[in-house]
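Peer 1: Structure in structure tokens, see below.
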Amino acid sequence: MSHDVRPADGTPAGPATSDLPGPARQPSLPDGYRLVRLTDERRRELYEVDLWAFPSGDSVDDLAEHPLPVSWDRTWGVETDRADPSAVPVDGAVPHVTELVAMGSSYPFARFPVPGGEIPVGGLTWVGVHPGHRRRGLLSAMMDHHHTGCAARGEAVSVLTASESTIYGRFGYGKAADSLAVTVPRRAALADVPGAEQHTARIEASDQARHADVVADLHRRAGAAHGGVGRPGWATRESPEQTAWYWASIPAFRHGKEPWRTVIVERDGEPRGYARFRRSLGWGQAGPDGSVEVFEAVALDPAASRALWGLLLDLDLMTEVKVPRLPVDDPLLTLLLDPRAAVPRVEDTLWVRVLDVAAALSGRQYAADVDVVLSVRDTARGAATTDAGEHPAPTPATQHWALVADAFGDATCTPTDRPADLDLDVRELGSVYLGGTSLASLAAAGLVTELTPGSLARASTAFGWPVPPACSWIW
Ligand SMILES: CC(=O)SCCNC(=O)CCNC(=O)[C@H](O)C(C)(C)COP(=O)(O)OP(=O)(O)OC[C@H]1O[C@@H](n2cnc3c(N)ncnc32)[C@H](O)[C@@H]1OP(=O)(O)O
């Protein structure tokens, strides 16, 4: 919070457009609010908004000295002024305080994996509004700002993980990937995989200097594996800020658990997989009742995966292993002789907003030859706008796009006057973009309309992908 003196009527300062990341314009905000770029000097204020938006037992002091995952040049806030009741008027003017009441940021994914390729993507994150300033349009204005910034930077797509799954559909986001939350009993039986027993393991305190390079290398190679087709969504932590955050040991986030541990499994001295986990020890009537939390478990091949899960499922004094975000096709579910023992629960992870249809659709590959015309409606608020500051068109903006692609080859997507084969909203285009949701299943729910008989099955096959998308970058 900072002080300044305003005229007696409290007129707020004008917009600080030149401070904004992205195009120099203000989105439509309610009166008295302005969007500003945040810098490291306002780190404590940012944490104050964060703790109002995401309540926890932590204090600003617990958090402010540790690394932040966001890049300041892509981080913004909304501030407002209010009269300072404790201040004495100066020459008839009422001292005001400037208060940060909302924030948002986006990760710079320059090489975000999409089916068969990589494109620049903006990863919306850390959106929060102070509860005293909610439901008056601050999020809507920030979404407009974010999408405009993506468009200006050539990011054809925005992705996010949502705190609540009901928020982002209205801004044109479609649910593009699920994950599984599982809890596996200790020593749950796993199928044998030849070669698993030839692995050795190093279990160490997570340490950036010691582990960062090997973990980043395994993470990247695991995403590109899968018979060479790669896993959509499997972005690496590209920015130094994301990397520093991942490796930071922040006591406030331990919640009674030990600090993060890293296990690396090796075969013939070569790293083949890693996991990041932490334990908490409890005692029940039957003795030790500890729990293991696995943040991520990544392996290059089936034997390394079997070795890694075998180790994680048999840590002393533990009775269960919790994995909050497991890719839906992780080998663990297939290796478990009793998959029901994991009690898998499906959760949404990646939400995708297609901002530039031509760039997005020609930036990925397709699993079958396709020649289809899509009628795409983009009426959602928060659509990318022009540098002139125009807001999304109030009337439905529908465009026909001709998509032509060879299976696992080149693709083109251009505007066309040809009649459409399929009709859908931009939300549904986001849902199918990473290959994890089928057009046919959306059509079954009435969200996609087949206008040319036979086009749905063909397009559905082409938009699919052999490997389901997964989110690899939460935090
Ligand atoms: C990518 C991420 O960072 S996800 C993290 C999002 N942040 C949080 O969950 C923290 C706690 N929540 C908040 O800070 C705020 O409530 C926010 C950011 C979710 C919403 O901010 P607000 O400024 O209140 O939103 P705003 O007034 O612009 O509302 C825009 C629309 O979204 C709707 N909306 C807002 N919050 C929610 C919600 N939690 N669930 C469903 N709809 C919502 C509003 O009703 C409004 O819809 P309408 O215009 O169709 O009636």
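Placement of Cβ uses the backbone N, Cα and C atoms for every residue, glycine included.
Marked as active site, proton donor by TrEMBL: Y168. Annotation comment: TrEMBL describes V127, G128, V129, R135, R136, G137, L138, L139, S140, S163, E164 as acetyl-CoA binding site. If you look up TrEMBL, you'll see 243-353 marked as domain 'Eis-like acetyltransferase'. Summarising the annotation, TrEMBL assigns domain 'Enhanced intracellular survival protein' to 357-472. As annotated by TrEMBL, region 'Disordered' applies to 1-32.
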Peer 1: Could you find out if DSSP has Y168 (active site, proton donor) as helix, strand or coil?
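Peer 2: The residue in question, Y168 (active site, proton donor), is coil (DSSP, three-state).
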Peer 1: Provide, as an integer number of angstrom, the distance between the C-alpha atoms of S140 (acetyl-CoA binding site) and Y168 (active site, proton donor).
Peer 2: 10
Peer 1: Do you know offhand how many angstrom separate the residue listed as 'active site, proton donor' and R136 (acetyl-CoA binding site) by C-alpha?
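Peer 2: A Cα-Cα distance of 16 Å.
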Peer 1: Roughly where does the domain 'Eis-like acetyltransferase' (243-353) sit in mean pLDDT, to the nearest integer?
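Peer 2: Computed over the domain 'Eis-like acetyltransferase' (243-353), the mean pLDDT is 96 on the 0 to 100 scale.
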Peer 1: Counting across all protein chains shown, how many other Cβ atoms sit within 10 Å of the Cβ of V129 (acetyl-CoA binding site)?
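Peer 2: Its Cβ has 21 other Cβ atoms within 10 Å.
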Peer 1: Work out, from DSSP, the number of helix, strand and coil residues along the domain 'Enhanced intracellular survival protein' (357-472).
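Peer 2: Its residues fall into 29 helix, 30 strand, 57 coil.
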Peer 1: Can you tell which of V127, L138, S140 has the most other C-beta atoms within 10 Å, given these are the binding-site residues?
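Peer 2: Top count of Cβ atoms within 10 Å goes to L138.
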Peer 1: Helix, strand, coil residue numbers for the domain 'Eis-like acetyltransferase' (243-353) per DSSP?
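Peer 2: Reading the DSSP string over the domain 'Eis-like acetyltransferase' (243-353) gives 28 helix, 51 strand, 32 coil.
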Peer 1: In whole Å, could you give the widest CA to CA gap in the acetyl-CoA site formed by V127, G128, V129, R135, R136, G137, L138, L139, S140, S163, E164?
Peer 2: 19
Peer 1: Which secondary structure state does DSSP assign to R136 (acetyl-CoA binding site), in the simple three-class scheme?
Peer 2: coil
